[in-house]
Amino acid sequence: MTKNKSKNKSNNSNISNNNNNNNNNNNNNNNNNNNNNNNNNNNNNNNNNNNNNNNNKNGESQLKNKNKNISENQHIYDKHNHDHSHDHNHDYDDNNEDDEEKEELEHYQLIVSTLLNYSQYSLHWVKDMQDFFHYKLSEDEKKLLPNYNAKMEALARAVLVNSQFLKKIGNEHCNIFSQSSDNSANSERIVDPTNLDHIKIDYFMMDQLKSTIRQLVREWSEEGKLERDQAFEPIKQQLLEIYGHIPFQERSKIRVYSPGAGLGRLCLEIASLGFSSQGIEYSFMMLIVSNFMLNKVEKINEFKIHPYIHQTVNVLRDIDQLRTVTIPDVLSSELLPKNNPALEFSMSAGDFTKNIEENSFDCICTCFFIDTAPNILEYVDCISKILKPGGTWINFGPLLYHHAKKKDSIELSYEQLRYLICKKQFQFKKEEIRDAEYCSNQKSLLRSIYKCQFFVVINNKPT
């Protein structure tokens with residue numbers, strides 16, 4: 001679950017959604033990384049999906065990144081929303097600020113271009129396999145594979161189905177708007193979807209996109225319910241055990257924070273219980289896709305995707321590789337509580353260790369997240385600071401440590417981690433080891449089971 005190296009800084013991007021606005025959207029529009037994917041890219045998928053990864057009481061679905069505004073539903077970028085506290089230096093440098101904004105815009109362009117270029121990349125991949133068959137195999141060998149060409153043609157058709165969906169997401173983000181002083185929006189196209197030939201495909205970013213497609217199955221399909229039940233349900237049940245005595249309409253005063261929010265489903269599920277829920281996700285790719293799933297989908301099972309076509313190993317039957325999955329299994333507008341204007345639901349982009357607001361949350365939920373840290377001591381310290389005195393930290397996930405091959409990384413045993421947590425004035429209330437999968441292909445010949453640490457601790461720092 002190594003962090004995707006997104007150029008956007010903490011607090012630069014925000015998707016928010018609360019009960020009031022979702023009701024309006026529903027009435028008017030009906031809108032609103034630990035990955036073993038069972039192929040040779042197992043760790044890559046985790047790296048892309050679960051990484052360090054604001055509250056907006058107006059409730060409009062928003063994606064914030066400086067002063068650029070993208071998409072249609074008043075996705076406002078606020079230049080003054082950038083938090084400089086992460087470097088403990090509040091001196092303003094126009095040149096540095098301009099450089100950062102340029103880098104962020106370039107990274108954003110790269111992500112949108114990747115979404116729009118998926119078919120170009122993937123059809124080339126299919127052609128490479130076809131060329132190997134036609135030019136590298138002997139005629140006798142070809143006769144042994146009479147259905148191979150038909151499979152390649154089916155893969156190409158599946159690529160186009162995926163591309164149709166991904167282009168919908170990319171096209172939503174081709175335009176950004178600069179908010180002028182008189183609040184008028186000046187359109188500025190950052191990517192021209194009709195002119196992509198000059199854009200070089202970034203293969204690392206394309207791997208992130210393929211990983212994100214599989215993440216859609218985990219978070220937004222009926223097939224993903226098995227994994228959600230394994231990982232999300234224990235967290236939700238624990239929230240209800242701790243705060244369930246609070247009347248539903250009053251639970252919005254309990255603020256729950258979810259670092260490594262991925263595609264937003266866990267944050268949405270937490271909000272569905274009546275809690276104010278905020279997620280933070282480091283990958284801008286994930287944030288853009290989650291924005292679409294939370295705010296742009298109009299009906300259940302609206303889209304079909306072929307999430308496993310790029311998995312060429314551990315395949316039992318060709319039909320398993322080519323199969324479709326429909327998304328979403330729910331609409332966010334249907335899960336969010338009605339008639340509760342105090343409830344806040346938001347997602348922001350950035351590194352949660354660089355966006356510290358001390359004593360600001362009642363509960364922190366980490367799911368397949370803490371082992372994304374190169375320095376897990378920093379994670380524990382930040383969690384302690386962010387929680388209010390007496391606040392609760394609920395964790396579910398393994399200790400895969402995806403920075404382990406790098407020299408600047410520290411990997412603790414659970415025994416060492418537990419000692420560290422206690423020394424940071426946390427008190428353990430529950431400890432279990434539970435089995436869970438992560439973005440597994442249910443039809444694959446290889447599926448990995450994680451032994452996950454599920455614990456609940458109370459922050460006993462002084463008030």
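Using the three backbone atoms N, Cα and C, a Cβ is placed for every residue, glycine included.
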According to Swiss-Prot, which candidate in GLU241, GLU281, GLU334, GLU411 joins GLN215, ARG218, GLY260, ASP351, PHE352, CYS367, TYR379 at the S-adenosyl-L-methionine site: GLU281
Distance, TYR450 (carnosine binding site) to GLU281 (S-adenosyl-L-methionine binding site) (CA atoms, angstrom): 22
Intrachain C-beta neighbours of CYS367 (S-adenosyl-L-methionine binding site), sequence separation six or more, cut-off 8 angstroms: ALA231, PHE232, ILE235, SER258, GLY260, LEU266, ASN395, PHE396, GLY397
Most crowded position, judged by CB atoms within 10 A, among GLU281, ASP351, ASP371 as binding-site residues: GLU281
Number of other Cβ atoms within 10 Å of the Cβ of GLN215 (S-adenosyl-L-methionine binding site) across all protein chains: 29
Inter-residue Cα distance where the pair is TYR450 (carnosine binding site) and ARG218 (S-adenosyl-L-methionine binding site), in Å: 15
DSSP three-state assignment (helix, strand or coil) for CYS367 (S-adenosyl-L-methionine binding site): strand
